[in-house]
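A.B. asks: This is the feature table in Swiss-Prot:
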TOPO_DOM  1-31  topological domain 'Extracellular'
CARBOHYD  ASN5  N-linked glycosylation site
TRANSMEM  32-52  transmembrane segment
TOPO_DOM  53-63  topological domain 'Cytoplasmic'
TRANSMEM  64-84  transmembrane segment
TOPO_DOM  85-101  topological domain 'Extracellular'
DISULFID  CYS99-CYS178  disulfide bond
TRANSMEM  102-122  transmembrane segment
TOPO_DOM  123-143  topological domain 'Cytoplasmic'
TRANSMEM  144-164  transmembrane segment
TOPO_DOM  165-200  topological domain 'Extracellular'
CARBOHYD  ASN174  N-linked glycosylation site
TRANSMEM  201-221  transmembrane segment
TOPO_DOM  222-240  topological domain 'Cytoplasmic'
TRANSMEM  241-261  transmembrane segment
TOPO_DOM  262-276  topological domain 'Extracellular'
TRANSMEM  277-297  transmembrane segment
TOPO_DOM  298-336  topological domain 'Cytoplasmic'
Amino acid sequence: MSMNNITSKMNQDSYGYFQLHMSDFTRVSLSIVFTLVFLVGIIGNAVIIWFIGFKWTKTISTLLFINLALADSLFLIFIPVYTVYVLSNFHWYLGEFLCRVSSFFFTTNMYASMFLLTFISIDKYLTLTSHRLVYKYRKYRNYYVCIGAIWCISIALGVPTLYYKRVILSSSRNETRCISYYGDDKHTAITIYRIIVCIRFIIGYVFPMTVILLSYALIVYKVKFINKPPNRSFMITTASIFVFLACWTPHHVLNIISLYGLKSTSMYNYIKESIPFVNAIAFVYSAINPIIYIFVIRLTSTYDSDTMDELRSALLDEETTSTEDCSDIEISDISR
């Protein structure tokens, strides 16, 4: 359906698509935050990808972390698009292709980051508690398949965003917006919106968070009995998961609130005006991961040590530990 047909078939003002306006100070402040997040994130993740991908020994741990950095980078490269949108007071001038693709990447890489963190949590638990299973299945081929499946699922979950995003023109206000358009019938549109929000909340937040919390609870329980302190790779993952939840929880909470606020004009306006601020918090996660790595390494290293060498050692420590643990398994046990 063309943009003109969409314009003629829906009463856009009744949906509230074109009432979002901010003060110049707020828009400029948000744009500065987005710009800083973009610069810090792109540089930081590029450094991580460069060292892990091209300088260091390849291990399963580095394979997981480089995919996490890749997901963050793909998320970050479209932040300038959103920054322009905010600076232009939410008038969309960049065409429908960028409207669809930027939203698709935001959604896909949100899922990819969460699923990768979930997979890393499961990997940490199995590495610590199931030596036979690790010895048998912790192979590159198996992990490539799992990571490939994570990306395929994330892309599939991002397809609805790609499909429903539209550039909508208001002839009465002479404004354009990049919005999710679910059809002319309001009841159908609200139903589709609620389904998408519920899928995003359950599959992209509740289920992964439950698996992560369960994995870490079991890890803590196990550590109490084996009297073995967590390694630095475990600490890095824990910090990254904590920050992810802190940054993305407001986004999901706001989406759930929106399910109950669609019939209230005041609540709808509050939700709509909160979106840029909630997005700003979510964007921070993709930029802060490299800072988390450095922060944890500096806390656990000597003052004069090289940060990147220490990070490399932290990721390799887990591989060494896993190998040593597996070497304790008797050959008769392996052959069963």
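For all residues, glycine too, the Cβ spot is worked out from N, Cα and C.
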A.B. asks: What average pLDDT does the predicted model assign to the topological domain 'Extracellular' (85-101)?
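C.D. replies: Taking every residue of the topological domain 'Extracellular' (85-101) together, the mean pLDDT is 90.
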A.B. asks: Starting from the Cβ of CYS178 (disulfide bond), draw a 10 Å sphere and report how many other Cβ atoms land inside it.
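C.D. replies: Around the Cβ of CYS178 (disulfide bond), 24 other Cβ atoms lie within 10 Å.
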A.B. asks: Across all chains shown, how many C-beta atoms besides its own are within 10 angstroms of the C-beta of ASN174 (N-linked glycosylation site)?
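C.D. replies: I get 9 for this one.
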A.B. asks: Give the nonlocal contacts of the transmembrane segment (201-221) in its own chain as ranges (CB under 8 Å, at least six residues past its ends).
C.D. replies: 110-111, 114-115, 117-118, 121-122, 124-125, 128-129, 157, 230, 234, 238, 241, 245, 248-249, 252, 255-256
A.B. asks: Same chain, outside the transmembrane segment (102-122) by at least 6, Cβ under 8 Å from its Cβ: which residues?
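C.D. replies: Here the qualifying positions are 64, 67-68, 71-72, 74-75, 77-78, 81-82, 146-147, 150-151, 153-155, 157-159, 161-162, 165, 178, 180, 200, 203-205, 208, 211-212, 215-216, 237, 240-241, 244, 248, 282, 285-286.
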A.B. asks: Taking the Cβ of CYS99 (disulfide bond) as centre, how many other Cβ atoms lie within 10 Å?
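C.D. replies: Excluding its own Cβ, the number within 10 Å is 22.
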A.B. asks: Please spell out the DSSP helix, strand and coil residue counts for the topological domain 'Cytoplasmic' (53-63).
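C.D. replies: Here the numbers are 7 helix, 0 strand, 4 coil.
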